[in-house]
Amino acid sequence: MNSTFLGVIYFVGFSHALMLSLVLWRKSSAGSAGRLLAIIGLVIGYKLFEGAALFTGLFRWVPHAMDLLPGEVLVLGPLILAYVSKVTSASYFNHKYWPAHFLPAAALWLFNSPAVFTSGSNKIQMWENVLNASHNTYAPLFIFVLLLSIKAHLATYLWLSWRQINQFSIASRTLRADQSQQLLQQQRFIVIAFFVLEAIWVLLFLAQQFAQIGALGVVSDIWLLLVASMVLALGYIGLQQPDLVFSNEERKLTEQISASNKAQSDEKESSNVKYFHSSLPDSAALALSKELEDAIREQQLFLNEKLTLTDLAKATGIKAHTLSQVISQVMQSNFYKLINGFRIQYAVELIEQIDLQWSMERIAYESGFNNRVTFSKAFKEFMACTPSAYKKKFLEEGSKSNDQQQSN
């Protein structure tokens, strides 16, 4: 691939990473998960700048801006896990453990420091050698082991991140009625894609070293672009809800729900199993479900776009785990469907008010949804059509009814 063209692509990627990081930083509160995503964007942005400078020849004018962050995945792995831990209230990243997570990155930086603290002419020569080097050369044993160790380090952090995201993406419909599950599922896909991408690199690297297959050289120039696309996609997903964080109470509920699902799966053949460690009689559960429905309807709790299961527990005075049990056992539903069911009913009432000339976006917000996309998706799930299609059908039926009355 033409080096100049590749350099331009890297510059475009760098500009996107920088813009994304700045927007995430400004839209996120201090100490939030969004700020961590912004830092991740800056890390990948710097590596994209390095690629742009290398392939356009800019490194000859800014040699001291190069190679300041060797082995960037040693930083990206812990940062991604830190972001996921922040979102899920996991304990992986207590402040006292932060240095330990970044020790490998610090050690590699110290090992590489002679190349950083050297003259500009030496740096230019080093990058000239990198630019003109053949991709099909064999790596010395030390470099071979180092590269595989770096990839194993990243794989470990990606696996830990996936495990946390997967647990919460499954339980989120029981905890929240917003787009949290959708965002978590998208993030889970990105983490899996990132893991697969790195696994492909390892396979190509091993094929080059042991079977003289030079496929790695074909993709090496664009490899950072592929990695950057994964990381930036994670950032753009996070931008939809920069301060997405599950509370410690929600984390405990998630663990209980996971244990409950596992217990029911292990004992699904037993007709006596209704809920993990359940001591709630059917009559009491039925009474609580009626009380719950009345409270949601009378207090219009569903109009709170940030309503969670724990918020509902505080409003009704019923324990969150008991609410989850009642919604699942008696109502045969989950928190997401229950609350959005009330919201869609309310939205339908607004749509059917002919004198109310509100846009669908406003109806979405007035009904408790935080954006029109989530509203449209939920509306189609409950009503089997879009809000606009429902309104059009309602008006057409009303017009036909008026015509029939006039003809009679």
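Placed from the backbone N, Cα and C atoms, the Cβ positions cover glycine too.
Since this is a predicted model, take the numbers as computed values, not measurements.
The transmembrane segment annotation in TrEMBL covers 6-25 (among others).
Taking Cβ pairs closer than 8 Å, the transmembrane segment (37-62) reaches residues 3-4, 6-8, 10-11, 13-14, 17-18, 20-22, 24-25, 28, 68-69, 72, 75-76, 79-80, 83, 123-124, 127, 130-131, 221, 224-225, 227-228, 231-232, 234-235, 238-239, 242 in its own chain, all 6 or more past its ends. Residues annotated as transmembrane segment in TrEMBL: 37-62 (among others).
According to TrEMBL, the transmembrane segment annotation covers 68-85 (among others).
What TrEMBL lists as transmembrane segment is 97-117 (among others).
Sequence annotations record features per position, and here TrEMBL assigns transmembrane segment to 137-160 (among others).
As annotated by TrEMBL, transmembrane segment applies to 189-210 (among others).
Among the features that TrEMBL reports, transmembrane segment is placed at 222-239 (among others).
Residues or ranges marked as domain 'HTH araC/xylS-type' in TrEMBL: 293-393. Over the domain 'HTH araC/xylS-type' (293-393) the predicted model carries a mean pLDDT of 92.
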Contact call for the transmembrane segment (6-25) and the transmembrane segment (222-239): at least 3 Cβ pairs under 8 Å, seq gap 6+: yes
Contact set, same chain, for the transmembrane segment (222-239): CB under 8 Å, 6 or more residues outside the stretch: 1, 6, 9-10, 13, 16-17, 20-21, 23-24, 27, 33-34, 37-38, 40-41, 44, 47-48, 51, 73, 76, 80, 83, 183, 186-187, 190-191, 193-194, 197, 201
